[in-house]
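Enquirer: Submitted below is the structure of interest, expressed as C-alpha cells.
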Amino acid sequence: MTDTITIRDLKRGEHASVTGFTDAQAPIVRELREIGFSEGDDIEVLALGAFGATPISVRLNRTIIALRGGEAAMIEVARR
Amino acid sequence: MTVLEDIVTDENTSGQMDVPEKTGPRTIALVGAPNAGKSTLFNGLTGGNAKVANYPGVTVETRVGLFETPAGSQFNLIDLPGIYGLSARSVDARVALSVIQGQTEAFNTPDLMFVVIDAAQLRTHLQTVLQMQSLGKPMIVVLNMMDLATRDGLEIDAAKLEEKLGVPVVAATSTRKAGRADLLKRLDEVMASETTLQESAAEEPDLRHVQTTARQLASEVILHEPGLNKLTRTLDNILLHPVAGTFLLAAILFFVFQAVFSWSTVPMDMIDGSIGALSGWLAGVLPDNWIQSLLVDGIIAGVGSVVIFLPQIIILFLFILLMEMTGYMARAAFLMDELMLKVGLNGRAFIPLLSSFACAIPGMMAARVLESERDRLTTILIAPLMTCSARLPVYTLLIAAFIPPTAVGGLFNLQGIVMFALYLIGILSAILVAFVLRKTLTKGETQPLIMELPTYKMPDPWELLLGLWQRAKIFLRRAGTIIFAVSIVLWVLISYPGDTLRTSFAGMIGRVIEPIFAPIGFNLEMVIALVPGMAAREVAVGALGTVYAVADAEENTQGLAEALQSAWSLPTALAFLAWYIFAPQCISTIAVARRETNSRGWTALMVIYLFALAYISAGLTYWGARSLGL
Ligand SMILES: Nc1nc2c(ncn2[C@@H]2O[C@H](COP(=O)(O)OP(=O)(O)OP(=O)(O)O)[C@@H](O)[C@H]2O)c(=O)[nH]1
Ligand SMILES: [Mg+2]
C-alpha cells in the first residue's frame, strides 16, 4: 500500500474508503465507530471550514457527519 | 413536563381493570440513533406533543405516554434521547441507557424496545440495531422515513432483513400514519407469542465485529442504493460554503430581526388599539372608583402592555422553528464551529446556544448532549447571554419609545439596527465570557466535534402551526397568570396608602433599593418594576405598564411608550436596555441552572457575574450617554 493518509488530507469532492484509525485505542475511536465509521466504508468530503480546513463535512455512506480537523486526522483512508 | 405526564399516565391506568393477569400496562422504550424519528413516532402513537425537530439531540429527557393496540393491550411508551451505541458519554445518553437497562427508579424495566432507524441510512444504522440486539430484549425494528428512502430510490428487502435479524421489521413513515397499523399488529403478535428472552451478551460485543456484520447484512438486504440526496448535496454546496454560507447565515439572522420588527407593526397596532378601546369602554361604563382603577390601570395596563408583543414572539418563533425543522440549525452549528473551537467550546454547543434565543431553559437542557462536563457547564453559564424571546418586549418597548425610525443607508432602519446591536452585544459577550471561563474555571482540553448533519426536510405546515400555537399559549399563559397576578398586587401596593408613588407601599420598598440603582441612572419607577421583574423579563414591562398607568390615571390614557418618553431621559432608557442584555431577571432560568449544574456554587457564579455585567454596562451606558450630551 501507499503511505497512509487521513480524511484531513482529502480535498473537497474527493472520494475515499476508510482503512482504519491512527490510534485504535483512543476513546474517540469508539465514538467514531459508533456513529458509523468502519473499515471499507465509502466516504467523500463535502465541505470544509473557511480557515484551517476545520470543520469538515463528510459523507459516510448515505450519512453526513461533521468532524473537526482533529477527529478527521484520526480516520485513515485510501483515495478512490 | 415529564413528571406531569407521568402522573396523567398513572391516573389513566389505575382505573383500568380489564387487563387480565397483568398489573398495569407493559413498558416499551423507543431506542435508536438521534434524529431517526423516535419522538415523531411517540407523538403518533400516544397523541403526545414531544418536541420534534430535524437535528440530532432534540430529545434530552424521558417522556411517557400511553397507547393501545387493536387487541386492546395497553402500553406505556417511553421516548428517549437518541443513542448510536452502548457507550454513554453524555448526560442524555446516560439517561437513555439507564432506562433501557432498567436502572432507574422512574420506570419499570422496558419489556420491549422499538428500535427506530432511518431507512435511508440503513447501512450505518444497522449497527445500532445489532448493538441493541446484544442487550437481549425483545424488539421490533422500525424502518422509519421510508418516504424519504423511497423518494431517493432506495430499495430494501425488509422481509429478508427480518429473517436475518430474527426480529420483526416494520417499514414506517412516522410523520404520516404509514406503517403504524402494521407496527401495532406485530406488537400484538410478539406479546401473544411470549417469546423467551435471549440471553443478553455477557459482555459488550466487539464494535468492529458488529460493524462488519452490519455492513455485510446491509449489502444483502439493500437491493438498490443510490447516492446522497441531491437536494441536500446542492443546498450544502451553497449553505456550507465557507464564504457564501457564512454570509448567508449572517443575512438570515439579520433578516429575522428586521422581520420581527417590521412584520409585527400592523398586528401590534391592532392589539394595541383593541386594548385601548377596551380600557376606554371600561372607563366609560364603570363608575370612577377603585374597581375601575384596578381593572384599567392595574390589570389591563399591566397584562395589555405585554400581550401586545405576541406578534413579535410568534414571528421570532416562526423563524426558529423553520430553522429547526428544515435542518438548517445543524448547518449553522457547522458554520460557527471554527469560532467555537477558538473560544474552546464544542461545536455542538452552538445548538443549545441558538435555542437560547427562544429561551435559555431549553437551551441549558439541550446542553446535555455535550459529552464533556466542562463544555456543558460553560454552555449553561453563557446561555442567559443569548437574547431570549422574553427580552423582546423590553427591547421593543424602549426602542419604539426612544429610537427614531430613521432610515439608514436607504435599506435599514435605525430601530432594527439598535435591536440587532443588542443581540450582537449579547452574543459577543457570551463568546468573551466562554473564552475567559475556558481559560480559568472550566479549563480543559479542546473538545471534538462529531455531529450528524441531517438531510434537509420540508417542514410540515401543520406541525409548524402547532409549534407556533404552543409558543403563543405559553406566552399568553404567562401574561394571564404571573403578569396578571403581579399587576393586581402591584396596583394595590402602588395605590395605597399614600397618594403618590413615593408614599405608597411599593414606593417604600423601592426606596430601600433605589440608592443602589441611582448611580446607574435608574429612577424609582424602574426599580419598582425590576423587583417583580425577577419572575420573568417581560413581567417588568407589565409592571411598568401598571406603575405608569396608575401615575397617569388623571390624564387621558396614553400608551406606555409615550409615558416612558416623557418620564425617562435617553441615557436612562439606554442604561435600562444595557441592563437587560445581561441581568438574569428570570427565576425559572436560575432554577434550571441550579438543577442542570447540580451546584449552588456554579449557579451563584452565574447570577453574580450576570448582575455584575448588567450593573457595570448600565452604568457605563448611562454616564457615557450623558457625557455625549444625549
Ligand atoms: N419525511 C419524514 N420525516 C420524518 C419521519 N420521521 C421523522 N421525520 C422527521 O425527522 C426529524 C427528526 O424526528 P424526531 O422525531 O425529532 O427524531 P428523534 O429520533 O426523536 O431525534 P432525537 O430526539 O434527536 O433523538 C424531524 O424533522 C421529523 O419531522 C418520516 O417518517 N418521514
Ligand atoms: Mg426525539
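Each Cβ is built from the backbone N, Cα and C atoms, and glycine gets one as well.
Keep in mind that this is a model prediction, so the values were computed, not measured.
Below are the features I grabbed from TrEMBL:
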BINDING   B:32-39, B:57-61, B:79-82, B:144-147  GTP binding site
BINDING   B:Asn43, B:Gly44, B:Thr46, B:Gly47  Mg(2+) binding site
DOMAIN    B:25-193  domain 'FeoB-type G'
TRANSMEM  B:238-261  transmembrane segment
TRANSMEM  B:298-322  transmembrane segment
TRANSMEM  B:382-404  transmembrane segment
TRANSMEM  B:416-437  transmembrane segment
TRANSMEM  B:475-494  transmembrane segment
TRANSMEM  B:573-593  transmembrane segment
TRANSMEM  B:605-625  transmembrane segment
Enquirer: Taking the centroid of the Cβ atoms of B:Asn43, B:Gly44, B:Thr46, B:Gly47 as the Mg(2+) site, which other residues of that chain lie with their Cβ within 8 Å of it, listed in sequence order?
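Expert: Here the non-site neighbours turn out to be B:Leu41, B:Phe42, B:Leu45, B:Gly48, B:Asn49, B:Ala50, B:Gly65, B:Phe67.
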Enquirer: Taking just the CA atoms, what is the gap between B:Thr46 (Mg(2+) binding site) and B:Gly32 (GTP binding site) in Å?
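Expert: Rounded to the nearest whole number, the Cα-Cα distance is 18 Å.
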Enquirer: Fewest other C-beta atoms within 10 angstroms of its own C-beta: which of the binding-site residues B:Gly32, B:Gly47 fits that?
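Expert: B:Gly47, out of the binding-site residues B:Gly32, B:Gly47, has the fewest neighbouring Cβ atoms within 10 Å.
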Enquirer: At a 10 A cut-off on CB-CB distances, which of the binding-site residues B:Gly44, B:Pro81 has the highest count?
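Expert: Comparing the binding-site residues B:Gly44, B:Pro81, the most crowded Cβ belongs to B:Pro81.
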Enquirer: Counting only pairs at least 6 apart in sequence, do the transmembrane segment (B:573-593) and the transmembrane segment (B:298-322) share 3+ Cβ pairs under 8 Å?
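Expert: Contact between the transmembrane segment (B:573-593) and the transmembrane segment (B:298-322): absent.
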Enquirer: Among all the protein chains here, how many other CB atoms are within 10 A of the CB of B:Val58 (GTP binding site)?
Expert: 23
Enquirer: Residues sitting near the transmembrane segment (B:298-322): Cβ under 8 Å, six or more positions beyond its termini, same chain?
Expert: 53, 256, 259-261, 263-264, 267-268, 271-272, 275, 278-279, 282, 328, 354-355, 357-358, 389, 392-393, 396-397, 459, 464, 467-468, 471-472, 475-476, 479-480, 483-484, 486-488, 490-491, 538-539, 541-546, 548-550, 560
Enquirer: Restricting to the domain 'FeoB-type G' (B:25-193), report the mean pLDDT as a whole number.
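Expert: So the average pLDDT across the domain 'FeoB-type G' (B:25-193) works out to 89.
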Enquirer: Can you tell me which of these binding-site residues sit near ligand 2, meaning the Cβ is under 6 Å from at least one of its atoms: B:Lys38, B:Val58, B:Pro81?
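Expert: Cβ < 6 Å from ligand 2, in sequence order: B:Lys38, B:Val58.
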Enquirer: May I ask for the residues of the chain that lie six or more residues beyond the transmembrane segment (B:238-261) and have a Cβ under 8 Å from a Cβ within it?
Expert: 312, 315-316, 319, 328, 331-332, 334-336, 392, 396, 412-413, 415-416, 419-420, 423
Enquirer: Using a Cβ cut-off of under 6 Å to any atom of ligand 1, determine which of the binding-site residues B:Asn35, B:Asn43, B:Gly44, B:Thr46, B:Val58, B:Glu61 qualify.
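Expert: Cβ < 6 Å from ligand 1, in sequence order: B:Asn35, B:Val58.
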Enquirer: Cβ neighbours within 10 Å, counted over all protein chains: which one of the binding-site residues B:Asn35, B:Asn43 has the most?
Expert: B:Asn35
Enquirer: Quick one: what's DSSP say for B:Gly44 (Mg(2+) binding site), helix, strand or coil?
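Expert: Where B:Gly44 (Mg(2+) binding site) sits, the three-state DSSP reduction gives helix.
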Enquirer: Kindly assign B:Lys38 (GTP binding site) to one of the three DSSP-derived states: helix, strand or coil.
Expert: helix
Enquirer: Please report the distance from the Cα of B:Asn35 (GTP binding site) to the Cα of B:Asn43 (Mg(2+) binding site), rounded to the nearest angstrom.
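Expert: For B:Asn35 (GTP binding site) versus B:Asn43 (Mg(2+) binding site), the Cα atoms are 14 Å apart.
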Enquirer: Please report the DSSP secondary structure of B:Val58 (GTP binding site), reduced to three states.
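Expert: Its secondary structure by DSSP: coil.
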Enquirer: Rounded to an integer, what is the Cα-Cα distance in Å between B:Val58 (GTP binding site) and B:Asn43 (Mg(2+) binding site)?
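Expert: Per the Cα atoms, B:Val58 (GTP binding site) and B:Asn43 (Mg(2+) binding site) stand 14 Å apart.
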